[in-house]
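Undergrad: Have a look at this one.
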Amino acid sequence: MPMVGRVGAVATVATLAFCVWLLGGWGSEDFRIAFEDNVFVVLSLFATGCAAHTAFRCRGRQRISAAFIAIGLAGWTVGSVLWAYYEWFLKVSPFPSAADIAYLMLPLSICIGLLIAPVGASGYTYTRLTLDGFIVTAAFFQIGWLTILGGLFEAGGASRFAVGVALAYPIADLLALTVAMLLLGRAPAPHRTPLTLLTVGMALMTIADSIFVYMNSHNDFRLTGYSSVGWALGLLLIALAGLCTGVPQQRVAGERSFSQVAMWLPYVPIVIAIGAAVARFGTTPGMPPALIASVLLIMLVLLRQFIVVAENRRLLAAVAAQAMSDPLTGLANRALFQDRLEHALALHRRDNRQSVAVLSLDLDDFKLVNDGLGHPAGDQLLVQVAARTLARARSSDTVARIGGDEFVVLMEGDDVASREVAREVLRAFDEPFVVDGHDLLLRPSAGLAMVSADDAEVSPELLLKQADMAMYAAKRSRTPGVHTFSPADVSVADAPERDRTALAYDSTVAYKLLGQLRHAIDNQELTLAYQPKFALGDGSIVGVEALVRWPHPDRGLLAPDQFLQLVRDHGLMRPITELVFAKALDQIAQWRDLGLLVPVAVNVFAPSLSDSTLPETVGRALRRRGLPHELLTIEITEDLLLGNTEGAREVIKRLRQSGVRVAIDDFGSGYSALSYLRELYVDELKLDRAFVTTVLVDKRAAAILRAVIDLANELGLTTVAEGVEDPETAALLRDYGCQVAQGYLYTAPLTPAAMLSLLRSSRQAPDEAISS
Ligand code: C2E
Ligand code: CA
Ligand code: CA
């Protein structure tokens, strides 16, 4: 047993023996007085020493706190010395006396010491603690006064000073006791044992003091033994509290939020005090109504306080929950996801049994929904996506939204099951979403990364990054289904091409680029490249497609995919479209003036199609240059036609009535291509590059392409194959009945000057143009 433990044990045994003696009352009167007084001097000295020892061992606020308790105990020691002097030498037992002042130092110092002690849970202010202490003390005092003390002082003819001292004991004791109890309710574990000892010690002292006051004011000393036992045990416990105060290592981690009981504790005595007052005065005839009203007021204020406290607790809980959830969808947010992921990986490290999988989902073309239908519609869509994802995941999985349209699912357990969940989540997107009355078919790109049972350690960041890289790989390859991470995806993610696309996504870069882009648009610095379209039949040029370029001061010539996202994100679509129209039509007019009548195709963002003034604007632009409407084709991207089909249909109809041709771009890359064919009347289908390039190797793709070309021919639509890169593909497409082709086989997009010379040479010899 360590030294401290032995000292405590000896003190306890000795004190208990003393208590037995006190109650037994052996020995002569003189001996008893002398022995008792001396034991109290020794006992209080011992307690003082214990507290001083604690002050010596601790630091900071805890040291000051222990020092105050030591001072209080020293006061009590002085009191007991004085008392011994009175009883032993002067043979009197005065009340009140100077000894009482010294004794009273103990509860007051304990009170101050406790308020200084660094044990209260954070957020609980000391002002409130002190106020609570006073409230409870006042309430207890009222209870005491109404039940015993009041009658006592009415009966006895005690002096004012005597009344004051007699009242000071219960008030000071109760104050210290209350503060001790309130702190105990909030104390973190390491402080609880000493505080409990101190609190119980203080309670015993309070009882003993009250008996003492009662005896002196009633001149009835039969209970002397009990008050002495109270003091002896009280001192012992306070001494033991000092002995077992541990020196805190650091700030105590994980402070427990204080209990309900600790919260309501201060109110209980108030209610009892009011009850006592009502019991005492309730029957008194002629009670002033104002008094009743006051009591009522207090009760109502109390009730209000209860409600406020309860509301605060609810608010706190809500705030805590909100810090962990995404406000829009109610899913977990990034913080909570991160936390769960760390926890899952920690478990994985420890048990090495369960695998941990992260599924990363990014909605394809979500931006277009936001731009086309507005942000509230985008929000609705996200909420639906969240609900579906959540419904398909297991209850043990964590589904989180960690960015605008990025969702992640954390899955623990068996690999096979995790894969199945991932597939299941993806199947949730088979049905269209209904937003604002529109059916939207929207798919996510999905990447899965996992650490299996016997994999080496993986950090949470790395696992999430792998899932993202897998997702990017899926997005790039445009393959449906879940793409599981493989080391090859790292090169995909880091390839320069991906960096190119990512350019506009990096926020700091994007910010700078945006300013430069605005400037470039204002100064008409964007240029156009032209890619010719060739008739598969005779190789003649049937038109050109205008493709926007940005000659960037530092980055060179930028292609659309490096800045179009920025255009969409920042509402620059209209100025860009206007600029492209103006330049393309100027170019056509210029070529016409040189005797070359070339049809031109211009790409238009789908949202611009719901602009009902588009046909008029386009018509004016053509007329101003004296160009026939038939020379212009407007290309719209098929999956851009999500949503507002009604408005788009009307605009398309008016454009076509005016003679302008309309083409569906990237046909086959979206999901409900055929339904658009039924709904929209257009002139041309541009078969998507991804479709065309696989046609030689993929039998299914070839069959579908053939069917689509047949169908288009049936409907009287021109079919244009994009991205034709080799003669075999061109030959196959011609066999299938496709009329027009465009692609690197013939030429990449050209500068206006290069395009002009190609036009000139091809006019003379169309077949040579193809082979050049
Ligand atoms: P798009 O309308 O499908 O344009 C064809 C794209 O395919 C062009 O890329 C062209 O350079 C490329 N391409 C042509 N032949 C081949 C080939 O044989 N193989 C391969 N791999 N690629 C080929 P570009 O110029 O980078 O344009 C990308 C997209 O940007 C366009 O796709 C179009 O959707 C959009 N875009 C371009 N200009 C404009 C514009 O003025 N306004 C709007 N709204 N969008 C534009
Ligand atoms: Ca196009
Ligand atoms: Ca295209």
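Glycine is no exception: its Cβ is also placed from the backbone N, Cα and C atoms.
Straight out of TrEMBL:
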type     : residues : note
DOMAIN   : 354-490  : domain 'GGDEF'
DOMAIN   : 510-763  : domain 'EAL'
TRANSMEM : 7-27     : transmembrane segment
TRANSMEM : 39-56    : transmembrane segment
TRANSMEM : 68-86    : transmembrane segment
TRANSMEM : 101-121  : transmembrane segment
TRANSMEM : 133-155  : transmembrane segment
TRANSMEM : 161-183  : transmembrane segment
TRANSMEM : 195-217  : transmembrane segment
TRANSMEM : 229-249  : transmembrane segment
TRANSMEM : 261-281  : transmembrane segment
TRANSMEM : 287-307  : transmembrane segment
Undergrad: Looking only at residues six or more beyond either end of the transmembrane segment (195-217), which have a C-beta under 8 A from one in the stretch?
TA: 69, 95, 103, 106-107, 110, 114, 119, 144, 148, 152-153, 156, 158, 162, 166, 169-170, 173-174, 176-177, 180-181, 183-184, 187, 223-224, 226-231, 233-238, 240-241, 244
Undergrad: Using a Cβ cut-off under 8 Å, which residues of the same chain at least 6 positions beyond either end of the transmembrane segment (229-249) come close to it?
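TA: Answer is 4, 7-8, 11-12, 15, 18-19, 22-23, 39-40, 43-44, 46-47, 50-51, 53-54, 57-59, 62, 66, 69, 73, 76, 110, 190, 193-195, 197-198, 200-205, 207-209, 211.
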Undergrad: State the non-local partners of the transmembrane segment (261-281) in its own chain: residues 6+ outside its ends, Cβ under 8 Å from one of its Cβ atoms.
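TA: Distant Cβ neighbours of the transmembrane segment (261-281) are 132, 135-136, 138-140, 142-143, 146-147, 178, 181-182, 184-186, 287, 291, 295, 298-299, 302, 305-306, 309.
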